[in-house]
Structures are given as C-alpha cells and as structure tokens.
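Working notes for the structure below.
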Amino acid sequence: MAGRGGLLMLENFIGGKFLPCSSYLDSYDPSTGEVYCHVPNSGKEEIEAAVEAARAAFPGWSSRSPQERSQVLQRLADLLEQSLEELAQAESKDQGKTITLARTMDIPRAVHNFRFFASSILHHTSECTQMDHLGCLHYTVRAPVGIAALISPWNLPLYLLTWKIAPAIAAGNTVIAKPSELTSVTAWMMCRLLEKAGVPPGVVNIVFGTGPRVGEALVSHPEVPLISFTGSQPTAERIMQLSAPHCKKLSLELGGKNPAVIFEDANLAECIPTTVRSSFANQGEICLCTSRIFVQRSIYSEFLKRFVEAARMWKVGIPSDPSADMGALISKAHLEKVRSYIKKARMEGAQILCGEGVDKLNLPPRNQAGYFMLPTVITDVKDESCCMKEEIFGPVTCVVPFDSEEEVIQRANNVKYGLAATVWSGNVGRVHRVAKKLQSGLVWTNCWLIRELNLPFGGMKSSGVGREGAKDSYEFFTEVKTITVKH
C-alpha cells in the first residue's frame, strides 16, 4: 500500500489479514541511499496476535494429510513463478543485488523450495523393528511440533525465508516469520499469494521489525517451541540465552570464513572464474562466499595475476543493469564496516591489489550516494590478521601461498568457523583426502555452490547448530514418537 509521501508502506500479515502497525521504520534503496519504503516496527503486541493466530490454525493444518499440504505448496510455487519478474525486480531494488542474480537464482530458488518440500513430504518413511522373542512390534511416528519461529537474513531474502517456511508448513506446523527489517518487501509480496494458494489463515504469519523488539519477543515466547535462524553468531547467542529457559528446539545457520585450497595441478581455466564468482557473487554477501584463498606456491604468481585481472573485469553497476556483475551492499553501516577491514589490512602491512582505494568506481550521478564497492583482493596478509579470521561479508578476499598439503589443511582449519570450503585439484585421491580433513560442513571440489537439497546443509564449530535439507529439515520440524505394541 502507498504510505507517507507516496512511498510503499508494508503491513504485518497475521491470521490471513494485513494489519497496520503503530510505528514504522525507514527502508533504504541501497543503490541510491534514499528512503523508498516503510516497514512495520513491530513488538510484543504483534507477536501475541501472531501466536494467537498460529495457535488457532494449528489443529486444522496439522490434521491435513501430507498429500493435501503438498498440493497447497505446489500451488504457492506456481503463483510465485507466475510473479517471478515482479518479485525479482523488487528483490533487486530492496537488497541491492543485480537483477540478473534475482532473476536467475533468488526467485527461482524460492519457487523450487516450495516444489522440493511439496515432493519430499510425500516420501518420508518410519522405522519399524520386531522383537519376536517378546512378541513386540516397535515403530515410529512423526508429528508436527507446533508454532515455529523463522528468522531469515537480508542477503538472500525470499530465497532463505522460503527455505524455512516450506519445510515447516509441509510438516504440518504453523509459523511466525520475521524477515530482516532491511529487506522485507518480497516477504510482504508473497503474503498476497498465500490465500490464493489455499494456505489457511494463521498458518503463515509474517511480522516485520527489528531483532531487539520483535525478534526477542518471538524467540522468548513460551508457546513457540521451535526456532530456525539464519544470521550472525552474536544474534544466535542471544537467541540461545532467551530460549534456554523453555528448552526450545534450535536450528542455527551462522557465518563462515570459507577457504579455497588451490593445488598446483588445478585447472586454472575453470578455477579462476569460479573462484572470482565464489568471492564476489551477491557483493560477497553470501555465507558460502570464499574469503580466504590458499594457492600452492609454484602457481601462486600466475594465479594471482590472472585472478586480479578477472576480478577487475567484474562490472559494478546499478542493480537494474542486466550487464552488472555486482550491485550495491545492503546498507551504509555495512559498507563502512567492510571498508574498515581494508583500512586494518593496510595498517597491518598487507597489499591491496585491486578494488577499494586502488581502482576508480564509476557510477551515474543519482547513485553516487549508493552503497557500492569494487571487488577487492588482499595479499601479503598474515593468517592471524582480522581479515583472515573474521567474517567480512563483502566483496573482499585474501590470497596467500602455501607449500604442503598438511600445512594448508592446518591453516584452512585455523578459524572458529566451519561452514564451507572449496578444493581445486586434478588428483582424485587428494581431493577426497583433503575434503575429509577440512573442518567444514560443506566441501565443494572443482566447483562451487552446486546444491543437492536432499543432503544436509550446515556448518561445524561456530558456523551453526543443526542441519537443513530434505531429511534434516523434516526431522527438525517434527517430533518422533516410538510406539511399542505387544501381541
């Protein structure tokens, strides 16, 4: 709906209805730095209303068969697909990502999330064992848990929101979702499709606002037994504190400091363009992006030269430009945070080979105040540097040499995170050997970001708790019961 000054004004979606809020937050267009819409600044009152709606909807929705719920998810996928271009344009404007990425990755993946879980919910099986000597049969059944709190981040807004909503409602739960207040538009747009798809009122509730106000009210509510969160480690720690008194079930997908390990027998013709993409896709604002590149010393100079040349070829432009490879970062505060790491690297004696402070960024006059930054490559940086230890979450990557396999495994693992890694080598034995030793929940070899949704997704160490995927998400969003029948 139109709000103050003709700007878009979002509303909460509770119990199948759009409801206004008493106060609103400004939301900025990352490409211009200008306010372009208003987002509800919700709090405890809105969460109470959402809990009431979700509670009322749970008995009816949970009693529907998996086949019935599957049909609803399929219809919602169809409606999202029919709105693909509208959603892609909104996602690009709201988040700063390129329109090409929104069209080819974000929105198609949101569609696929519903289709995937609409199918997978039909194929889960239960366990059964017999104890003939005691005349007993044991079997398991799974049931939905109740109300799920789903908190999604700003980097892949609809993509990751639907990755949580789809398995939660497929399993028979009702949900209260809180998208990031920085990127709320496509979630609001999806709400308009829920009734058409046949989603009953109260099954999906979306409440907008900040973490401290609405997020804390949601995760601490005693009637919300499930929390699925994707975001930062400090926020996850706060969620754990607030939920601990209620012994809630948690799924936490957090950050990464992901290494690429490039051996001397790597196919550089494939490795270099893929590693540029894994470093800078979506402005480096993907938890799976590569931010530490270890290159075997014998090919280090050649790799570095070609990698920097390829990085400089990436076009930073306004998000609506189909030829742009990178758009704008999410906010002014985030841009300043990312730039601060470049300053720290310089102070530590590192070299900036391209990007921030080295190359010139050319933008149209209207976008001069936007949150843009060039792909930046850092070298001569120590493993103990903050740029090699901390998640920057921007278009910044460090390239360093290594000598031996044992050495690089130790160095790659020498961070608190363990989300993803890539390994490049033509030696199949080495690929398997190194992949097993890397402390990462996901390891891609000679590729990046090829996903199989049936398999577990998640990280080790400080990169999270739990896994997501067909089997893992189903188990998280259900409770298992063992039944014994003596005959």
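Cβ atoms here come from the backbone N, Cα and C positions, even for glycine.
What Swiss-Prot records for this protein:
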- Glu253: active site, proton acceptor (ACT_SITE)
- Cys287: active site, nucleophile (ACT_SITE)
- Gly231, Ser232, Gln233, Pro234, Thr235, Ala236: NAD(+) binding site (BINDING)
- Asn155: site 'Transition state stabilizer' (SITE)
Secondary structure of Ala236 (NAD(+) binding site) (DSSP, helix/strand/coil): helix
Within a 10 Å radius around the Cβ, which one of these recorded positions has the most neighbouring Cβ atoms: Asn155, Ser232, Gln233, Thr235? Asn155
If I take the Cα of Thr235 (NAD(+) binding site) as reference, which of the recorded positions Asn155, Glu253, Cys287 has the closest Cα? Glu253
List the other residues in this chain whose Cβ sits within 8 Å of the Cβ centroid of the NAD(+) site residues Gly231, Ser232, Gln233, Pro234, Thr235, Ala236, in sequence order. Phe229, Glu237, Arg238, Ile239, Leu254, Gly255
Looking at the recorded positions Pro234, Ala236, Cys287, which one has the fewest other Cβ atoms within 10 Å of its own Cβ? Pro234
Sort the residue listed as 'active site, proton acceptor' into helix, strand or coil using the DSSP assignment. strand
Integer Cα-Cα distance in angstrom, Pro234 (NAD(+) binding site) to Asn155 (site 'Transition state stabilizer'): 17
Packing count at Glu253 (active site, proton acceptor) (other Cβ atoms within 10 Å of its Cβ): 27
If you count Cβ atoms within 10 Å of the Cβ of Gly231 (NAD(+) binding site), leaving out that atom itself, what do you get? 22
Filter the recorded positions Ala236, Glu253, Cys287 down to those whose C-alpha lies within 10 angstroms of the C-alpha of Asn155 (site 'Transition state stabilizer'); answer none if the list is empty. Cys287
Taking just the CA atoms, what is the gap between Cys287 (active site, nucleophile) and Gly231 (NAD(+) binding site) in Å? 9
Give the helix, strand or coil assignment DSSP yields for Asn155 (site 'Transition state stabilizer'). coil
